[in-house]
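According to TrEMBL, the features are:
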type	residues	note
TRANSMEM	21-44	transmembrane segment
TRANSMEM	90-113	transmembrane segment
TRANSMEM	119-137	transmembrane segment
TRANSMEM	165-185	transmembrane segment
TRANSMEM	197-217	transmembrane segment
TRANSMEM	245-272	transmembrane segment
TRANSMEM	284-301	transmembrane segment
TRANSMEM	313-332	transmembrane segment
TRANSMEM	338-361	transmembrane segment
TRANSMEM	414-438	transmembrane segment
Amino acid sequence: MMSNVIEDDDSFTKPLGRRTVLYYGVGHMLNDITAACWFTYLLLFLTEIGLSPRDAATVMLSGQIADGFTTIFAGELIDRFGHFKIWHGAGSVLVAISFSSVFGGCIPCKIFATSSSTLRTVGYSVFAAIFNVGWAASQVSHMSMVNCITLSSTGRVVLTSCRNAFTMVANLTLYAIALIVFAVTKAETNADIENQYRWIAYFSIFFGCCFVGIFLLGTKEPRSKVGVQGNSHARIAWAYWFKRALYYEVALVYVLTRLVTNISQAYLAFYVINDLRMAQSAKALVPAIIYICSFIISMILQEIVWTGQRLKAYYSAGGILWIFCGAAILLLPRSMSAFMYFISIFIGIANALMTVTGVSMQSVLIGENLGGCAFVCGSLSFLDKISCGLALYVLQSLQSSSPELQLTKSVHVYISVTRFGLGLIPPFCALVGVAVTYTMKLHTPFSKPIMEPLLE
């Protein structure tokens with residue numbers, strides 16, 4: 001019995017096998033590719049088929065709210081009963097079933113033989129909510145699993161880096177699919193537009209489900225009740241986390257990081273098409289460049305031995321880089337639109353640095369307290385979803401009321417919400433995130449010595 005405990009302890013702290021890291025890393029691919037489609041194309045799709053910007057924002061907000069509350073619910077149940085893989089598999093099934101309906105035709109409109117804007121908004125909102133319930137269950141189980149696979153802070157960052165790298169692969173796959181679909185099909189009517197996005201959804205679901213299968217077959221169900229030196233990790237009350245200052249600091253950094261990546265992802269397509277007037281292919285090529293660079297940086301980050309100070313330093317570097325990118329977006333004239341490809345390189349680098357380190361700070365917060373790991377991931381995701389949903393709703397609502405300034409009788413200046421939203425909000429969030437990170441005290445007691453290999 002004692003030897004089994006010792007083996008369990010060793011499995012928590014020994015270097016991770018590359019297969020373990022790989023199998024874990026691909027487990028979020030279905031969520032990643034559908035989320036990329038959600039943030040990049042949902043608002044564009046809904047406005048193209050005739051919904052007002054405010055109605056389109058309502059659909060997205062309904063999904064974000066459903067996602068946010070599900071993360072709390074799923075996190076609490078996972079902490080109580082475990083079974084990470086069951087939650088992941090059930091969430092993935094719900095995502096696969098519902099996602100094509102988010103980008104399909106309005107089913108209630110067909111049932112009631114009417115196409116009023118209210119019914120269309122309600123119809124799309126319902127499927128958006130169902131999709132996000134499944135997405136949240138899969139996300140929380142996958143994120144919290146990191147902390148039960150290993151107690152080494154360096155190992156946890158390796159797992160997060162691998163997951164982020166495959167997030168980039170999923171995003172690149174989406175944009176490759178979108179580029180092909182947009183190139184070979186014409187969109188002259190609403191039905192044509194719906195068919196375009198429906199095929200993108202079908203291919204995305206098939207691609208993601210293949211990797212979910214690899215994850216479920218290759219990953220062992222992690223132990224959440226046994227810890228270092230045989231300590232039992234019973235469920236931890238919520239009040240424990242609310243009494244820790246580090247919880248609020250990590251939560252704020254995580255939410256700010258998600259605001260940076262999600263708002264930039266949601267409005268890049270609008271920016272390159274409406275503001276810079278680039279070719280239609282740019283709404284796939286610009287994001288593709290971002291994710292190629294993020295993938296490369298994520299792979300490099302796997303080979304670093306991590307401490308609390310390094311997490312802070314790399315996060316700050318990514319945040320500062322985003323501030324410069326935001327200034328470039330704000331000032332970039334239409335005549336120099338090709339320069340956007342160059343800016344995309346640095347956005348990709350900044351996104352990877354901020355995302356990997358920002359998410360890894362959750363693992364530092366959790367430490368050995370595995371009985372509350374799902375609640376931490378769920379509660380932070382709740383804050384992320386609600387804040388991103390509200391921010392996108394406000395920005396999208398302002399799209400239809402952007403003022404026009406008359407400088408002279410012949411000169412009119414249109415104030416683009418897209419340009420100012422993309423050029424000001426992510427950099428401001430990055431700046432605040434860097435400031436909060438500077439004040440944090442991150443301790444990584446389970447880090448391995450630098451001379452020890454990162455992976456087996």
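Glycine is no exception: its Cβ is also placed from the backbone N, Cα and C atoms.
Residues 30-31, 34, 37-38, 41-42, 45, 63, 74, 119-120, 122-124, 126-128, 130-131, 133-139, 141, 191, 194, 197-198, 200-202, 204-205, 208-209, 212 of the same chain, all 6+ positions outside the transmembrane segment (90-113), place their C-beta atoms under 8 angstroms from a C-beta of that stretch.
Comparison of 119-137, 197-217, 245-272, 313-332, 338-361 by number of C-beta pairs under 8 angstroms to the transmembrane segment (284-301) places 338-361 first. Nonlocal intrachain contacts for the transmembrane segment (165-185), taken as residues 6+ away from its ends with a CB within less than 8 angstroms of a stretch CB, comprise 25-26, 28-29, 32-33, 36-37, 40-41, 192, 195-196, 199-200, 203-204, 207-208, 211, 280-281, 284-285, 287-288, 291-292, 294-295, 298-299, 302, 352, 355. With a threshold of 8 Å between CB atoms, the same-chain residues lying at least 6 positions outside the transmembrane segment (338-361) that come near it are 143, 153, 156-157, 160-161, 164, 167-168, 250, 253-254, 257, 260-261, 264, 272, 276, 278, 282, 285-287, 289-295, 297-298, 301, 306, 311-312, 314-315, 317-319, 321-322, 324-325, 328-329, 332, 430, 433, 440, 442.
Through the fold, the transmembrane segment (119-137) approaches residues 31, 34-35, 38, 42, 46, 50-51, 55, 58-60, 62-68, 70-71, 74, 87-88, 90-95, 97-99, 101-102, 106-109, 112, 381, 385 of its own chain, all at least 6 residues removed from its boundaries and within a Cβ separation under 8 Å.
Same-chain residues lying 6 or more positions outside the transmembrane segment (197-217) and placing a CB less than 8 Å from one of its CB atoms are 23-24, 26-27, 29-34, 37, 41, 45, 85, 88-89, 92, 95-96, 99-100, 102-104, 166, 170, 173-174, 177-178, 181, 185. Sequence-distant contacts of the transmembrane segment (313-332) (same chain, six or more residues past either end, CB-CB distance under 8 Å): 253, 260, 271, 276, 301, 339-340, 343, 346-347, 349-354, 356-358, 361, 419-420, 422-424, 426-428, 430-431, 433-434, 437-438.
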